[in-house]
Structure formats: C-alpha cells, structure tokens
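Here Swiss-Prot flags 28, 31, 112, 155, 158, 161, 164 as CTP binding site, drawing on sequence analysis. Residues or ranges marked as ATP binding site by Swiss-Prot on the basis of sequence analysis: 28, 31, 112, 155, 158, 161, 164. Residues or ranges marked as Mg(2+) binding site in Swiss-Prot: 41, 43.
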C-alpha cells in the first residue's frame, strides 16, 4: 500500500510533536488508506492552536485561522493543519456560530460527519478509531458519528455528501442515517447552491450513481434545490456516470425547456458546455451524411460530443433520440476531426476585411452569412482554404 504522501507530510507532524503537541493524519486520506484506495489530499489535525502552528513553521498561510486552519507550506506543497476543535451551535443548518479550540483528539473526532471520516492516524500508522469507523468501512456502511438527526441539523450538506460518498464508494447507508435524511432533507434549502453543486458534480461521476440519483429523487432532494425545484425530476433517469452539465442538458432537452441557469450559479465554462450539450443532442439524430458529420465535428467540442455518445444508454433511458452508429461513432468522429482542413474560423485564409475589399461592400448582416457559407464550403471540401480559391468561389456562388 502506497504510503508516500503520508511520508512526505511526516516531517510536519514530527515538528509539531517536537514542540510538545499532538498531531495526526485525519479524514479522507485515512479512510482511503484503510480501504486500500489511492491517497490524494493529506489533512492534519493537532492539539496546537493556530498561533502555535504559526510560531512553529516559518512559511504558513492563515487560510481559515478563525476556524482553526492554517496552511503549512512544506517542500512546495500546501498542507492544511487544523486545531482540535469543538463547534458551538449551528445556524441556518450550515455553519457553526463559533469554534472552541480543544486539546483532546476524541472531542475533535466526535464532531465529524461519518464514522469512516472520523479516524485519525499517527506517524507510526496506528489508528485512533473511537466510533467503529473501520468496522463500518469493512461492512461498506455510511453511518453518522453519533445521532444522525443532530449531525444533519448541524450541517444539512452532510445529507448530500452522504449520497455522494455512496455513489463514489458504492457503500450502503445505515438505516437510521437514511431515515434521518428522509425527515430532514428539506433543510438543504438553507444551503448555498454552490456547495450543493460541488457535491452533485462528484456524485454524478461516481461508480454507483444510479442508486444515489434514485435516492435523491426518493428523498425529494431536488424539490429544495434552485432550478430543479420547478421540474418533475422523477421523470429523469441516470443509469451510469455522466457530467452534471450533461445531466442539466438532458433535463432541458427532455422537458423542452430553456430555463435560466443563473439560479445554479455555474461558471461561464459550465454554462457554455451545457448549451453545447443541448445543441449536440438536438443535432445528433439528423446526421446521416458525411458532409453533415464534417460540419458537426467542426462546430462542436469533440470531447463533449464523445461524452454524449458514451452516455447513449442515459439518453435512451430519458427517451432522447441518439445517433446513427454507422455514421456517427467514436472512430468516425476521430477520423473526421483529423481530416478537417481547418478547426475554427481563425484558420480561414480570408476574413471580413478581405471580403469587404474584394466585393467593394460595407459591413452588414450579409458578412456573417457569407463567412459562414465559406466555412461550410471549406470544411465540406467544396473549396480549398486558400485566399485566391476562396475569393473565386465567392464570385461564383455568393450574392449579396
């Protein structure tokens, strides 16, 4: 089992210990280590206060000092070091009203969300598991630390995280944990949509997404999320992992809607991808010739095209017509892309200025139309991408 990331962080823990404080690895990295999975981010918990951590290390960043977290920069890597803490009453089902620093590891671990995430480990790889997290991992069970209702009242996002972990790890959810989610799911309406979107993005890429997505529906989670709250999500089926952006596009096509995406507070890139996914799904069924395929591959991001094609079963499960496999398949997409004479309008050997000078015409709506006609002619092989040939083609085929 690869311990290299733990070993890279070991000097940080040892330096904290050399100064008279406790320090442990904690959270997802320990969970994944116990499961035999690849380790990613290393989180460290300690009895030292943020001020004490800053005094121990020469290069620190106070990213969340008021909450007990200091970034320690070591060998050009950032490590989150968080003081043992007990959280006070939560407000709005999403954040504690205050944080109290403590010196006891048990007190710190008991505030965490799930037993599998509440295991600490020292530099000798000894585990500190006060809540039977290893047993739950071995039994493939997601269970809250302590009383489920209390954990979800503290932070309603934990319910969505629970389903995300189920999707990623293919674990079952403990009965009492699931029942608490059923009772308290409405509390997610107090959360920021940004936090929900982060969890949904990970959930949709999980190996067991079908089960978790069905739980989202049965628990009526979508009823309390902006954008989705106006839709009958029970009609949407997800049978395999897809991007969240593709899910939103499928919803738009399935219900033939054009709702604003602003309530989801997505990035410009995400909105652009969703709109392309919608256009791709609408265009796919009509592609029956090689010329149409060339323009399709030219007009759209081939990565997104392939995502839609790979998700053919999801489209079918939502009664969305897919592609004609003899014309459009992964091989023909790659071959067509490789053979395109150009890949965007910037590659074209004429521009608007050249056209206006050649035709002795002022700019106007005609220009955009003619440039598109030239694009199509070049991509479909009707004219070569050379200025003299293009202008000759314009003289013979274009009227303004």
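Here the Cβ of each residue, glycine as well, is placed from N, Cα and C on the backbone.
Overlay of Swiss-Prot feature records on the structure.
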residue : record           : Cβ contacts under 8 Å, 6 or more apart
28      : CTP binding site : 40, 41, 43, 117
31      : CTP binding site : 116, 117, 119, 133, 137
112     : CTP binding site : 27, 118, 145
158     : CTP binding site : 113, 114, 144, 151, 152
161     : CTP binding site : 113, 199
164     : CTP binding site : 199, 200, 202, 203, 206, 212
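Annotation note: residue 31 (CTP binding site) sits in a helical segment as assigned by DSSP. Across the residues annotated as binding CTP (28, 31, 112, 155, 158, 161, 164), the two Cα atoms farthest apart lie 21 Å from each other. It is 155 that, of the binding-site residues 41, 43, 155, has its Cβ surrounded by the most other Cβ atoms within 10 Å.
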